[in-house]
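Residues annotated as ATP binding site in Swiss-Prot: 141, 178, 179, 187, 211, 212, 213. Look at Swiss-Prot and you will find 248, 260 tagged as Mg(2+) 1 binding site, backed by sequence analysis. Feature annotation from Swiss-Prot assigns Mn(2+) 1 binding site to 248, 260; the stated evidence is sequence analysis. Among the features that Swiss-Prot reports, Mn(2+) 2 binding site is placed at 260, 262, with the record citing sequence analysis. The Mg(2+) 2 binding site feature in Swiss-Prot is assigned to 260, 262; the stated evidence is sequence analysis. Feature annotation from Swiss-Prot assigns domain 'ATP-grasp' to 104-287; the stated evidence is sequence analysis.
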C-alpha cells in the first residue's frame, strides 16, 4: 500500500513510529506537511498539490493534525476523501472531536458518563453557573485550550468567580466542570482503534498538579481497565465517528467519566507505558479497512 502521513514535523515520535511500522510491514510511506499542501477544488479531477506538482494516488492517509491548524488540516483531509482516498479518521469526525462543546453535547445525548459541566460566555449570574455544577472546587477551561493550557482549578467559589470574570474580559467561551477529587490528579488514556481498546495507561499529574497531561510533567504507567471503562472508551469513539482516538477517562465514585476524545493521540507515552507496538497495530487496522470503503461520511459535510 501507499500511505501518506499528514504531519508538520517528520521528526515527531508518533510520525516516526508510524513511518517505521508502515515500512516494516512492507508499505510505502510518505510524510506530507499539511500546511504546505494546496488544492485544486473545482476541476473534474480534484487533486492535492505539493511542491509544485499533484501528489500521487495514495491508498490511505493518516491525519496527524494539530489543534491550531484544524480548519486547514481537515480541508486537506476532505480533499483526499473527495479523491477516493481512505482516511483512518475522516475530516468531519476530526472537526467534531475538536469542538469540545459539541463533543460533550453528543456524548451527553448518548448517555455517556461526564462530569457535571456548564458552558458560558458572559454569564449574568456566575453564582448560579457554579451552583449548577455543584459549587467549588471546580475546573474552569478555555474552550479552545489544548495540552492542559487554559485549564484552572478554582478551590473556592470566590476564586472561581474571579477567574470566570477574567475570562469574560478576554471574551472567551468557557467550560466549568465539577472537580473529581477521588481521581487524585490522575486520568486514564485509552487508545481505541477500530472499535477496540488496544492499549491503556494511567497518567498521574506531577506533585501538586491536578492536570495529568504528560506535556505538563505527568507520568504514565500501565493500568488494567474495568469492563465498564473499556465499554465507555469504545462508545465515546463510536459517538465521535473516529476509527483511531485517545479517550481520556476519570475514575469517579459514579463510574468512568469522559474528559476528552483526542483524534490525534500521541504514541510515545502509551508505547512506553505499555510496551506495545501501537504504531504497527494502527497500520494493520488500515490494511484491513482501507479497501472496504466502509467509511460512512466520505467526502460529505
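Just so you know, glycine gets a Cβ as well, placed from its N, Cα and C.
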- line: Within 10 angstroms of the C-beta of residue 141 (ATP binding site), the count of other C-beta atoms across all shown chains comes to 23
Message: Between residue 260 (Mg(2+) 1 binding site) and residue 187 (ATP binding site), how many Å separate their Cα atoms?
response: 11
Message: Long-range neighbours only, meaning 6 or more apart in sequence with Cβ under 8 Å: which ones does residue 248 (Mg(2+) 1 binding site) have?
response: 187, 188, 189, 190, 258, 259, 260, 261, 262
- prompt: What three-state class does DSSP give residue 178 (ATP binding site)?
  reply: strand
Query: How many neighbouring Cβ atoms, not counting its own, are there within 10 Å of the Cβ of residue 262 (Mn(2+) 2 binding site)?
result: 20
Query: Among the binding-site residues 178, 187, 260, which residue has the largest number of other Cβ atoms within 10 Å of its own Cβ?
result: 187
